Amino acid sequence: MAAPPRHLLLLLGRLLVSGEIHRSPDHLRKIIPLIPSHPNLAAALSSLYFPLFPSSATFLHNLLVRASAASPSPRLSFAAFSCLLRSGYLPDKFTFPQLAKSASRLPSFPRTGAQVHAQAARRGFLADIFVVNSLLAMYAAFRDTASMWGVFDSCAEVADVVSWNTVIAGFVKCGEIGNARRVFDEMPERNGVSWSAMVGAYAGAGELDVARDMFDRMPAVGRNVVTWNSMVTGFARHGLLPLARKMFDEMPLKNLVSWNAMIRGYMVNGEMDGARELFDVMPEKDVVSWTCMISGYAQAGRYAETLALFRSMQSKSIIQPNEVAMVSVLSACAHLTALEEGRWAHTFINKHKMILDNEFNLGAALIDMYAKCGRTDMAVKTFHSLDQKNVSAWNALITGLAVNGDALQCIDVFEQMKRSGENPNDITLVSVLTACAHAGLVDEGQQCFQSMASAFGVQPELKHYGCMVDLLGRAGLLDEAEELISSMPMAPDVKVLGALLGASRMHKRFDVAERVQRGILNLNTKQPGCHVLMSDIYAAAGKWADALEARGFLQRHNIRKLPASSSSMQ
């Protein structure tokens, strides 16, 4: 627990020495908002000094409850409430809304929230609309719609439009649109919030005809920018870009959210040029605007433009990129093997003290960038610098070592991962099997594959079978590879069969190649690599007519051979 800041201790010391803290509660009112992050200090002040001012004791406790509800220590609200009761003072209608807010932020919510509700009911505060609305919001926050409806139903006589809207929003948050619509239809009075909640619910669920009908029927005075944004977002999210753009252009008033919603709509539908056109004419941009465009270019595989826009952000904007943007920048550096740009991004991340091991997985992106740029030493160094190593970080390092051909270190890191208690997932195991295949580590690969389900709870998928076929094929164990394919619980795809076909050519197993060819033809695949490879196998065996027939297959079925792909799988 952090120590109280020095200025707070100095202030308290001055007030105590001078005796001012005993003469008026005004000094306490100024101090209380500063102390919720320091529970021991708060407890001492509330128990020693609040009782000195009986007429203000409840008010002072309420101040502490409210300050705690908005602080990193919401549990302190309940310590202050207990102190209030122990001191013999009574809570009032201002006590419970803040307690409900604190309860909704605690992991122990179901029990704590029920206790707040019970205390409010016991003390007769369920007739107060502010207490009722705070309880409704509390249950809505934790998706407990049954309890929310119970409060609303039992307090219907005091409910106001805020109560109705809170219930509607609670049902919408939980995806119970039918219940939300029933409440909406029964409302004695609606406002713009009511209509916007329902329009947003239907638009978000893809029921765009209903959303548009409600949008057209709602009173013009209630049709605000939030409602328009809901329609734009709904149309764009479900691929109806022309309708989204029409709504956007017709908006009487646009805010940043409106522009960002339309840009995101273009982005998620792969229309990056449309997004860029809109982005360039925005009257103002925020971090969401820049991040959306940078991430969109990266997701579309337009990595050079990702970096170009990032440079533009640095030179033309005072807005600093966030972790999401930096992950996209590092991804672009990785795909372009732009090591110098990646190093610069790493320096920028360190300079701005960005967190590497939170939910954005910035550390994993750094590891991946260094690995794809061939600097596995820096990937390892970055990995070891992380305070918390989640599965994404482990996977980034294991995959990076695998693709760089460092199979032994890859397997060593895999063993470290198992000892750390972090459970490998399907991606981890693909990388380990790939490393084993490239290094010819048959025993290690088979052991890993056979223990997937029992040791890690991962059922083998096509990609894992493909790795094993590649491993066995490279080692010349083609019969075992064929047996494995026959034993698969799913039909092989062209990648699995292609791995065996490539091994057949490598080891000159014409008999296996012909059997694999029949399987590939049954898939009706239009990938040219398989047929080119089969033609090469026939040619190597001196079967020129069959080689020409395999090449002719490409022409008859209008399958185009990609440049520089004479014998590679495409």
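Note: Cβ is positioned from N, Cα and C throughout, glycine not excepted.
Small disclaimer: the values here were computed from a predicted structure and weren't measured.
What TrEMBL says about this one:
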- 1-19: signal peptide (SIGNAL)
- 160-194: repeat 'PPR' (REPEAT)
- 224-254: repeat 'PPR' (REPEAT)
- 255-289: repeat 'PPR' (REPEAT)
- 390-424: repeat 'PPR' (REPEAT)
Selection from 224-254, 255-289, 390-424, the stretch that has most Cβ pairs under 8 A to the repeat 'PPR' (160-194):
224-254
DSSP on the repeat 'PPR' (255-289): how many residues come out helix, how many strand, how many coil?
25 helix, 0 strand, 10 coil
Long-range CB partners for the repeat 'PPR' (224-254) (under 8 A, at least six residues beyond its ends), listed in sequence order, are 192, 195-196, 199-200, 202-204, 206, 208, 211-212, 215, 218, 261-262, 264-266, 268-269, 271, 274
The repeat 'PPR' (255-289) [mean pLDDT, rounded to integer]
94
Tally the residues of the repeat 'PPR' (160-194) by DSSP class, grouping H, G and I as helix, E and B as strand, and everything else as coil.
26 helix, 0 strand, 9 coil
Work out, from DSSP, the number of helix, strand and coil residues along the repeat 'PPR' (224-254).
23 helix, 0 strand, 8 coil
